[in-house]
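Q: So TrEMBL lists these for the protein:
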- 12-30: transmembrane segment (TRANSMEM)
- 50-114: domain 'SAF' (DOMAIN)
Amino acid sequence: MSLARWMQLARAFGGYLFAGVAGLIAAWAVREHIQQRTLELEAQGRVPMVSRVVAAADLPAGASLSVGQLAVRDVPAAWAPSDSVPPDALEQVDGGMLVLPLKAGEPVLRHQVRLQAPPEPVARQLGAGRRALSLPLSEIRDLPQPVRPDDRIDLYVSFSHGGRQLTMPLLQAGKVLAVDAGTDGAPPSITLEASVSDAMKVVAARQDGVLTAMLRPVQDSGGMEQGRAQDLPGMLGLRQPAPARSREIRIIYGDRLEGASVSLPAGADVPGEAP
C-alpha cells in the first residue's frame, strides 16, 4: 500500500477519533450541567425545618394538657410562630389549660395555654383541730361518681355486734380535700377532712366494717345523731323482740323442795303463778 493511501486512511481515522472524543466531551459536559442544575433546584426547594409541640388530636377549649394529648412534628422554620413550643420546653405547657380549641396537628402556642397554679398543700387547707384522712376508693362502697374536691360526703359503717347487723354514722359532711386517680401502681384514693375523734372512728371502722359514702349538698349541715347505731328493723320502725327472761320454777319431790332456773319466752306464764 502506498504512502499516500496510508496518509488518507490516517486522516479519515483521525477525523473519526476526534469526532468521537468531541462527542464524549460534549455528553459529559451536558451531564455535568444537568446534574449541577438539579442540585441547585433541590437546594432552592429545601426548606429548613424545626420541631414543635402540636396537638395529637382535636382538643376543645378548657382541656387540660398532658403528654398523652401532645405530639412533636417538624414544621418549616419560616412558618413556626415565635411563641410555639419546642420539645425541650414541653414543661411550659404540660398541665396547663387550653384557652382556645386546637385541631390535630396545629402547634401549641404559649399564649393559648393558661398555666394553673400548683395545688395548695393539704396541710395548709386544714383548720385547728382538723385532720386529713386518706382512704382507698376500693374500701368505700357506693361512692358517688364523680367526686371532686370541696364536695361533702357522709360516711357510714356497717358491722356485726351482739348478733345484730348494725349501721352507724362515722363522718358527717366530711369535706373532700383531694381525689387521687392513682398513678405508678398506687390505688385510687380520696382524702377527707375530719375531726380527730371522727378520724379515729374511721380508722377503727376500717378494721372490721364496711364503709359506705353518700354525697350531700354543701349547704346541708344536718345529719343523723352522732354515735347512734341502728339495725334494719330499728330503722324501719319495727318492734324489737323482747329478750328471753329467766324465771325460777320450784320442783316438789316426795321428800324435798328444789328450785331450778329456766329461760322462758317473753310473755309466757309460769305454771303455778298467777297471771
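Including glycine, each Cβ sits where the backbone N, Cα and C put it.
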Q: Could you tell me the mean pLDDT over the domain 'SAF' (50-114), as a whole number?
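A: Averaged over the domain 'SAF' (50-114), the predicted model reaches a pLDDT of 89.
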Q: Which residue counts does DSSP yield for the domain 'SAF' (50-114) in the helix, strand and coil classes, in that order?
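A: Taking each residue of the domain 'SAF' (50-114) in turn, the totals are 15 helix, 23 strand, 27 coil.
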